[in-house]
Every structure is written in C-alpha cells, then in structure tokens.
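The structure appears below as structure tokens.
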Amino acid sequence: MARLSSARYGKDNVRVYKVDRDEASGTHTVTEMTVCVLLEGAIDASYTDADNGPVVATDSMKNTIYIKAKEHPVNPPELYAAILGQHFLDTYAHVSVANVDVKAKRWTRMVIDGKPHPHSFYRDGEDTRNVTARVSRDAGREIEISSGVAGLLVLKSTGSQFHGFVRDEFTTLPETWDRILSTDVDATWRWKPFPSLQALRDSVDVFDKAWDDARAITMKTFAEEDSPSVQNTMYKMCEKILDAAPATESVSYALPNKHYFEIDLSWHKGTKNTGKDAEVYAPQSGPNGLIKCEVSRS
Ligand SMILES: O=c1[nH]c(=O)c2[nH]c(=O)[nH]c2[nH]1
C-alpha cells in the first residue's frame with residue numbers, strides 16, 4: 001500500500017522586471033526578480049486519481065505573478081511575496097498554503113559626472129536579495145517570512161587564523177595564525193510570524209533596514225575581525241543581526257570555506273613562496289569547507 005505523504009506544486013523560475021516611473025522627477029527605479037510559487041492544499045486527487053479538478057494550472061500561477069506585480073509594489077520583496085501568497089489563499093478555498101520565493105538581482109543606479117542617473121543602472125554584485133514567504137491558514141502564524149542575502153563573494157588576504165583544532169592520525173593541516181579567508185555569503189533571517197497581511201504592512205519598513213544592516217554587518221565583521229574560525233565569525237554576525245533587527249526570531253548562515261593553497265616554488269632557483277614569503281597561491285574549486293549555523297533568541 002502506498003500513500004501520498006506530501007505534495008506541493010507550482011511555477012518556478014518566473015522572471016519579472018518592473019519599472020517604477022516617478023513622473024514628477026522623471027526618475028525610474030527598476031526591479032528584476034525570479035519568482036517561484038508552490039501551492040499546498042486539497043490537491044491529493046490530482047496525484048492519486050488523475051482528477052485535475054482542484055488543479056490551478058501552473059500557467060495561471062505564472063500569469064498571477066505578472067498581474068500582482070502590475071497591481072502592487074514589488075518592493076520590498078517581502079511585501080510582494082506576502083501579497084502574492086495571500087491572493088492564492090483568498091481566491092482558492094482548497095489551497096491551504098502558498099509558498100512564494102523571490103530572488104531579486106542588483107540593479108544599482110549609475111552616477112554620471114557626480115549625479116545619480118535617472119534611468120541607467122549597473123550590476124555591482126552578483127549577490128541576490130532573497131525572500132521566502134509561507135502564507136497559510138494557520139491561526140496566529142498566517143504569514144511566515146525569511147529574508148536573506150546569497151551569493152555575496154568576499155575575500156580577505158590576512159586577518160584570519162585557524163589553530164587549536166583536533167590533531168590526530170588523520171590530521172595533515174598545519175595550524176595557521178595568518179591565512180586567506182574567502183566565502184560566498186548565504187545569510188538568512190527569519191521574522192516572527194505575522195498574523196495578517198495588514199500586520200506585515202504595518203511594519204513594512206523593517207525589511208529594507210534589516211537587509212541593509214545584515215549586508216553591512218556581514219562585511220564589517222568579516223573585514224574588521226581577526227577571525228579565529230569561520231564558526232566563531234559567523235556566530236558573531238548572527239548576534240549582531242539579531243540585535244539590529246528586533247522583529248527577527250533567528251539568523252542563519254551557510255558559509256563555504258573557499259581554500260587558497262600555498263605553492264612551494266623552491267624547485268625554481270630556490271624561490272621562497274611559503275609562510276611569510278607566500279605571494280602566489282592556487283585557488284581551489286573544491287573540496288571546500290561548509291560551515292552552517294542558526295542562532296536564535298534565548
Ligand atoms: O574556520 C575553519 N573552520 C574549520 O572547521 C576548518 N576546518 C579546516 O580544515 N579549516 C577550517 N577553517
């Protein structure tokens with residue numbers, strides 16, 4: 001005997017661009033994002049009995065993503081994700097949960113001859129602003145939002161150490177008091193649940209501030225700290241974001257440790273290129289460390 005133990009379905013990789021034109025100043029603001037919507041609810045019969053009666057076509061979900069982007073603001077992405085998710089619950093009685101993911105790319109305004117340009121932008125980083133919204137009929141936690149930054153590639157050429165770790169018959173890594181540290185930041189902060197779309201609207205300003213603060217805290221801590229380990233540095237980042245964004249419940253990071261290996265060049269005329277003489281390194285594609293944590297309020 002088999003049974004359907006969980007199911008959700010929807011449209012992924014819906015790419016949307018929206019321009020906001022301020023007629024008075026002639027200034028445009030642009031947003032480019034990729035949206036995913038997955039619905040849950042009384043949809044089992046579509047899997048088990050080939051009954052498409054409860055199926056809202058994924059093509060209709062794609063259309064809805066465009067229409068809601070036209071009708072409503074797409075910024076902050078937390079608000080757009082919540083509005084979109086709420087629409088599916090309000091419209092289809094058999095839908096119990098709408099999961100909405102938004103990933104927004106960077107389009108930063110150009111500064112030309114010292115002046116912000118009204119309609120020209122550039123990609124000043126590959127990091128994305130990510131939001132996941134779970135909109136449900138669960139009393140008291142109708143809208144659950146996580147926000148984050150991903151793909152923020154950083155490197156420091158000193159100011160990182162790693163020593164005092166387990167040494168046994170499997171250990172070859174030397175201790176170091178000065179190493180290169182590089183990672184691809186994936187940080188997420190989870191908000192206390194919102195009981196309604198109105199409650200989320202009432203505190204809508206927290207989202208942009210948290211994103212600015214989290215990105216700044218991540219870079220400042222990374223740059224300024226003499227890091228004893230990825231683990232300790234990411235824990236400090238989490239603590240600071242929890243302080244900066246009081247309406248969050250927890251903060252998590254997933255950080256690859258992207259290794260740069262020293263190269264012994266002594267075979268060439270006795271060239272010194274290790275330890276304090278190291279200048280030329282071999283960046284590694286893999287393997288890499290992967291360090292994760294979640295820090296919650298106690
Ligand atoms: O910051 C680090 N944490 C580790 O757990 C680890 N393990 C390792 O080999 N290098 C590092 N660096």
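Any Cβ shown, glycine's included, is placed from N, Cα and C.
Lys11 (active site, charge relay system) falls within a strand segment according to DSSP. Sequence annotations record features per position, and here TrEMBL assigns active site, charge relay system to Lys11 (among others).
Per TrEMBL, the feature active site, charge relay system maps to Thr58 (among others). Taken residue by residue with DSSP, Thr58 (active site, charge relay system) is part of a helix.
Remark: His259 (active site, charge relay system) has Pro283, Gln284, Asn288, Gly289 as non-local neighbours, by Cβ distance under 8 Å and separation of at least 6 in sequence. As annotated by TrEMBL, active site, charge relay system applies to His259 (among others).
All chains included, 16 other C-beta atoms sit within 10 angstroms of the C-beta of Thr58 (active site, charge relay system). Per TrEMBL, urate binding site is recorded for Thr58, Asp59, Phe162, Arg179, Val230, Gln231, Asn257.
The 5-hydroxyisourate binding site annotation in TrEMBL covers Phe162, Arg179, Val230, Gln231, Asn257. Other Cβ atoms within 10 Å of the Cβ of Asn257 (urate binding site), summed over all protein chains shown, number 19. According to its DSSP assignment, Asn257 (urate binding site) is in a strand.
The annotation O2 binding site is assigned in TrEMBL to Asn257.
Among the recorded positions Asp59, Val230, His259, the residues whose Cβ lies under 6 Å from any atom of ligand 1 are, in sequence order, Val230. In three-state terms derived from DSSP, Arg179 (urate binding site) belongs to neither a helical nor a strand segment and is classed as coil.
On the backbone, the CA of Phe162 (urate binding site) and the CA of Thr58 (active site, charge relay system) stand 49 Å apart.
Among the record's urate binders, Thr58, Asp59, Phe162, Arg179, Val230, Gln231, Asn257, no two C-alpha atoms are more than 51 Å apart, and one pair sits at exactly that spread.
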